[in-house]
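Read the structure below first, then the notes.
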Amino acid sequence: MAVMKIKGAATVAGTWLNEAVSFVVFCILDIVDSFLCLLYKAADYLFEAEWKPCYCLSDKEPITTTRGKILLSHNNGESKILTLSPLQELGGRSKIELEDISETLYTRPSLISDISTISVNELNKRFVKVTRSESECSGHNEKTKNKRRRSLTKSSLTVNFTVVEMLRGKIRPQNLNHDISRWSDCDCGFCTSWASTSDKNHSLFVKTQIPNGVTAKEDVLFIHGFISSSAFWTETVFPSLSASSSTHRLFAVDLLGFGKSPKPADSLYTLREHVEMIEKSVLHKYNVKSFHIVAHSLGCILALSLAARHGGLIKSLTLLAPPYYPVPKGEKKPRQYVMKKVAPRKVWPPIALGASMACWYEHISRTICLLICKHHRVWQFIAGVLTRNNRTVNFLIEGFMCHTHNAAWHTLHNIICGTGSKLDTYLDIVRDKLKCNVTIFHGGDDELIPVECSYNVKQRIPRARVKVIEHKDHITMVVGRQDEFARELQEIWKTSSC
């Protein structure tokens, strides 16, 4: 009993210590990010002779016209996109729609501001309770005043010109040959290989594995996760699914902005862009009629979107560590809610610190990319010396470092945070309109995406089968047990084909 009390006290003390240290650290990071904002504006002008807009806010006076550009509304202190007029073509791809752009890109309150808002809201609730009886006496007059205030609020709309300039630059017709890389991005042959290919349409990089000597019976699409690449599959599962013994045609893509795929500097990396590039580069190009999907982490969101769009073609869904955080009913800011789940602004565990820095701080995350991604060849060389060119370490580093900050930043916000409220719809479509098998794998020691996310998916899709792999994390659920995982996949495909 005494031991249990000591452990409980230690847990509480550890939690409070984590909260206190996190508060101090992230308050400092708020200041550092603001300083880096000014530094990068000067550096961009120095190296590129152009002021590059960012998502830092600078409120301006309300106006009532946008002259056919981008309009932002102001509601309870939160700015959000109200309309885009006219919708512009994205170099042959479909038009940007409102729901494609997550407000978490430009509405990320500082920690002090966030805590202040919560405190003020709580005080307001208590004040309302105390003064309720008094307000009832003068209710009629107050209602009249409120109506007038609402009418005044509705008559004016706040435009944040910083965000307008950022989005205006992003939605212009894309020229994938322009601004191949920024000064803070890597310009090596590997990272810019897409720009030197003969493919004028700039499709995604796709690694294929075709059966030897036999006609492929079925197709399988592999989608990697965030800051990764197709090597996550081709260096692990593909060799275990030998071309000499397999009857499946395998496709592993590098997502837009990652690996060897195009990294357009003026893309918003929305869900629609990612999905349509997969459709163009795999489904249309290789004439795929029906297929299985295997997706990891962020790739699960794209897989569910594809399933919703091509329900009749999906033979099975295999999801690994799906980042599904159900948004409570009545939540006014679903994307903000998901962002705080993904990046809780905590220093412990370390993976939470990394996720928080990548998600909350545009300029700190750009600095990380400058130090790591731009110089990935140096880090790969050092890792090769230390590990004696370990193949697994090499491809993991390649996938982790070969992307641009623009791609990672927008993909994180527009896909993981921005689709929080959409996933319910996708899951309902899979549950009600698709008959394919749904299998979910999750590492028992995964600290990046909790196991609860997989069980949340099962609650939405009761027929889904969840398998928790004990003592494995977000990566080692595949890496290190690829032979076993390949056998599990073959069994899933065999069962789904019956």
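Even glycines carry a Cβ here, placed using N, Cα and C.
According to Swiss-Prot, the active site annotation covers HIS224, on the basis of sequence analysis. DSSP assigns HIS224 (active site) to coil in the three-state reduction, outside any helix or strand. Around the Cβ of HIS224 (active site), a 10 Å sphere holds 26 further Cβ atoms from the protein chains shown.
The local packing around SER297 (active site, nucleophile), expressed as other Cβ atoms within 10 Å of its Cβ over all shown chains, amounts to 24. Annotated active site, nucleophile per Swiss-Prot: SER297, in sequence order.
Positions annotated as active site, charge relay system by Swiss-Prot, on the basis of similarity to another entry: ASP446 (among others). Around the Cβ of ASP446 (active site, charge relay system), the same chain contributes ALA321, LYS472, ASP473, HIS474, MET477, each under 8 angstroms and 6 or more positions distant in sequence.
A coil conformation is recorded for HIS474 (active site, charge relay system) in the three-state DSSP classification, outside any helix or strand. Marked as active site, charge relay system by Swiss-Prot on the basis of similarity to another entry: HIS474 (among others).
Annotation comment: Swiss-Prot describes 220-326 as domain 'AB hydrolase-1'.
Marked as N-palmitoyl cysteine by Swiss-Prot: CYS56. CYS56 (N-palmitoyl cysteine) falls within neither a helix nor a strand when secondary structure is assigned with DSSP, and so counts as coil.
Swiss-Prot lists 1-55 with the feature signal peptide, giving sequence analysis as the kind of evidence.
SER297 (active site, nucleophile) and HIS224 (active site) are 7 Å apart (CA-CA, integer value). Between the CA atoms of CYS56 (N-palmitoyl cysteine) and SER297 (active site, nucleophile) there is a gap of 28 Å, rounded to the nearest whole number. Within the model, the domain 'AB hydrolase-1' (220-326) shows a mean pLDDT value of 94, rounded to a whole number. Taken residue by residue with DSSP, ASP446 (active site, charge relay system) is part of neither helix nor strand, so it is coil.
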